[in-house]
Amino acid sequence: MADSQEDLLLKIQEQGDLVRKLKAAKDSNERVKEEVSKLLALKAQLVTEDAGPQKFTLKTPKGTRDYNPQQMTIRNNVLDKIITVFRRHGAECIDTPVFELKDVLTGKYGEDSKLIYDLKDQGGEILSLRYDLTVPLARYLAMNKITTLKRYHIAKVYRRDNPAMTRGRYREFYQCDFDIAGIYDPMVPDAECLKVVTEILEALDIGQYILKVNHRRLLDGMFEACGVPADKFRTTCSTVDKLDKSPWEEVRTEMINEKGVSPDAADRIGEYVRLNGSTELVEKLLKDEKLSKVKAALEGVEAIKTLLQYCELFGIKDKILFDLSLARGLDYYTGVIYEAVLTQPIKIGNEEQTVGSIAGGGRYDNLVGMFDSKNKQVPCVGVSIGVERIFSVLEAKLAAGDITVRTSDIDVYVASAQKNFLEERMKICAELWDAGIKTEQSYKKNPKMLNQLQHCEENKIPLAVVLGDSELKRGVVKIRNITTREEDEVPRNDLVQEIKKRIDNLNLNQLNGAT
């Protein structure tokens, strides 16, 4: 073994020298790659005799995390509420691969394209991890020749961003999307998307919020009226999108120094992006001397006017703020854009935490056509709920003791007060399971009664069936209410019906707010 190891080390050294010579001589990339592959293959054969356990730091990759049962309970409860709203509005669920052909994702995200995770070539297709769920939806629609669809999709996406874990910004995270595809009358589906957001945020009840709205046509018209060249609209829009995180002076400097916008044009943009309001702002902009001369701007303002009318009919106009600083940097938006923002810090323990944007979306009418050989368009509008930020708020509340969660759905624990009751416990468990009742027992043959009851209290299991020798001889069992510690004897043959009745009463009390 030693001789073969020495031979292998010698070959690795020789191959390494060859690779270095080729690189120094600037040989062809193909030749260098071939010899590097040979070097790696040799290194893979290298083994160390009597090698001990591999030493490395146990951690999750940067920007990712594990979720314990309490955190997963919070997540599942949030997602259940969101799905209920999606389904109430008639949405169907789809799923797509976690990775796509790189060409599918390239050129769709503007400056954010640098955040896409590219996968190593495995000798086949060039792939990337999905950046969002919107572009995969457009690919799905084009590939399957679908022209109308109302769908929701909840799945993980990946971004090579600088993570801020405490604020819910990760490299691997869930997106929760609702989209309506098809040719419909202006602003009807768009207004419903906003209604969906309000219903979700009301159901989650995490704080006061406002829905900011704007229109890409209005932004383009505003840039044109302010003297920004057409080829700089998208990059300027990406810069304006930073106003929610950076002061105007920083944004202005980036526009001028990095995006090539003139100081005068930047100052004119600054006058507009300070404006927000409602119907009164719409009327003001329709009379604006500069904007009224630009077709795109007028189209955008008229669209917002219609949107506000529909929002009033849906009873949500008081939640809508028409805000000219809202830009949303993604290149594929073509019409209305919107973003939900919590208006007040969230009180967690004795501290207040600022959350910011918790939902966003808009209209993208040209994205599907990018994947169609005949450029056939399928207009779409949708919204993505920022569930990670919602999760982070609720998890912080849990850590501060402001909320509690029950991680198990078990309703009944089958316990025994004496030894040698495993078989009887197993029979009762089977009966309750077969009746659809959520049940568990100890996996020990002779568990201590105190440990069994403590398990029920710690896991918030409301009921326990307690078996005893004298009771079984009389054909009865005890049912114990874990909270009140009251015990009642019931006939053994009536156990299933009695348990169901008590669970129904418990659920009714919870529904009515009783304790």
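From the backbone N, Cα and C atoms, a Cβ is placed for every residue, glycine too.
Here is what TrEMBL records for this protein:
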DOMAIN    4-60  domain 'WHEP-TRS'
COILED    22-49  coiled coil
DOMAIN    63-394  domain 'Aminoacyl-transfer RNA synthetases class-II family profile'
BINDING   Asp132, Leu133, Thr134, Arg159, Gln175, Asp179, Arg328, Tyr332, Tyr333  L-histidine binding site
For Gln175 (L-histidine binding site): intrachain residues, at least 6 apart, with Cβ closer than 8 Å: Asp132, Leu133, His153, Ile154, Ala155, Lys156, Val157, Ser384, Ile385, Val387
Per-residue pLDDT averaged over the domain 'Aminoacyl-transfer RNA synthetases class-II family profile' (63-394), given as an integer: 91
Number of Cβ atoms other than its own within 10 Å, given for Asp132 (L-histidine binding site): 19
Residues that sit under 8 angstroms from Tyr333 (L-histidine binding site) by C-beta distance, when 6+ apart in the chain: Arg216, Gly362, Arg363, Tyr364
Within the domain 'WHEP-TRS' (4-60), residues counted as helix, strand or coil by DSSP: 38 helix, 0 strand, 19 coil
